[in-house]
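I have placed the structure first, in the form of structure tokens, so that the comments after it can refer back to it.
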Amino acid sequence: MGVEGCTKCIKYLLFVFNFIFWLAGGIILGVALWLRHDSQTTNILYLQLGDKQAPNTFYVGIYILIAVGAVMMFVGFLGCYGAIQESQCLLGTFFTCLVILFACEVAAGIWGFVNKDQIAKDVKQFYDQAFQQALMAESETNNGKAVVKTFHETLDCCGPDAATGVITPLWREDLCPKKDFSQLQMTSSCHQKIDELFSGKLYLIGIAAIVVAVIMIFEMILSMVLCCGIRNSSVY
């Protein structure tokens with residue numbers, strides 16, 4: 001009876017963790033969809049400068065996050081059902097799915113850590129190219145001006161750096177948001193705004209990944225303990 005009681009306790013504990021895991025999957029899926037359709041990132045990353053598309057490396061991480069959230073919801077449901085039924089087969093399948101999901105999350109985390117600076121760097125290079133074309137363009141057929149204006153209006157910035165931001169309106173007043181000179185001096189540089197935009201979103205993704213990883217570790221431990229408890233129980 002002691003083994004059976006312990007098994008029941010672990011079963012309900014695992015059910016609670018799986019329900020939390022299922023909810024976490026839903027939250028991650030929702031956050032990923034929000035990041036995917038966020039107005040600031042979509043306005044910038046859908047831009048096209050001539051034949052060159054804006055860097056969309058950021059969306060690779062978002063698509064991975066969407067897939068992880070959807071799989072987490074499925075795996076969480078599988079774990080809840082396996083815990084209720086006390087099925088070694090379902091729990092074994094659940095454990096295998098967790099291991100695979102955990103490995104994918106670690107791989108995605110490594111990819112994100114390696115590319116966290118590169119994402120903002122690529123976007124800043126794209127902006128700089130558009131900015132140079134906008135300053136030198138004599139013809140309205142060049143869309144560098146439109147690209148730069150989209151950056152400036154979306155991020156509320158002016159120029160690649162603060163010094164250029166003050167001088168630029170003297171050259172091309174139509175490139176920057178309409179402000180008086182005192183307000184213009186306080187306008188942030190676009191390089192700074194780009195860094196803030198992507199670092200904030202990647203920070204949010206990193207926190208979500210750490211929380212999910214901790215939950216997954218506890219679930220793997222509990223699922224194995226429950227499997228062993230079912231195997232050793234005289235009832236089964």
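Glycine residues also receive a Cβ, built from the backbone N, Cα and C atoms like all the rest.
All TrEMBL annotations are machine predictions without curation.
Here TrEMBL flags Cys157-Cys190 (among others) as disulfide bond. All protein chains included, Cys190 (disulfide bond) registers 27 other Cβ atoms within 10 Å of its own Cβ.
Just so you know, the Cβ of Cys158 (disulfide bond) picks up 26 other Cβ atoms within 10 Å once every protein chain is counted. Taken from TrEMBL, the feature disulfide bond covers Cys158-Cys176 (among others).
Under the heading transmembrane segment, TrEMBL lists 12-35 (among others).
Under the heading transmembrane segment, TrEMBL lists 56-84 (among others). Only residues 6 or more beyond the boundaries of the transmembrane segment (56-84), in the same chain, are considered here, and those with a CB under 8 A from a CB of the stretch are 11-12, 14-15, 17-19, 21-33, 35-36, 41, 45, 90-91, 93-94, 97-98, 101, 104-105, 108, 111-112, 115, 118-119, 122-123, 198, 201-202, 205, 208, 212, 219, 223, 226.
According to TrEMBL, the feature transmembrane segment maps to 90-114 (among others).
Taken from TrEMBL, the feature transmembrane segment applies to 202-226 (among others).
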Requested in this report: For the transmembrane segment (202-226), find every same-chain residue at least 6 residues outside the stretch whose CB is under 8 Å from a CB in it, and list them.
Outcome: 7, 10-11, 13-14, 17-18, 20-21, 24, 27-28, 31, 35, 61, 65, 68, 72, 79, 82-83, 86, 91, 94-95, 98-99, 101-102, 105-106, 108-109, 112, 116, 119
Query raised in the report: Can you tell me how far the Cα of Cys190 (disulfide bond) sits from the Cα of Cys176 (disulfide bond), in Å?
Result: 11
Query raised in the report: When a 10 Å sphere is centred on the Cβ of Cys176 (disulfide bond), how many other Cβ atoms does it contain?
Result: 22
**Report entry** Pairwise CA distance, Cys157 (disulfide bond) versus Cys176 (disulfide bond), rounded so that it is a whole Å
**Finding:** 7
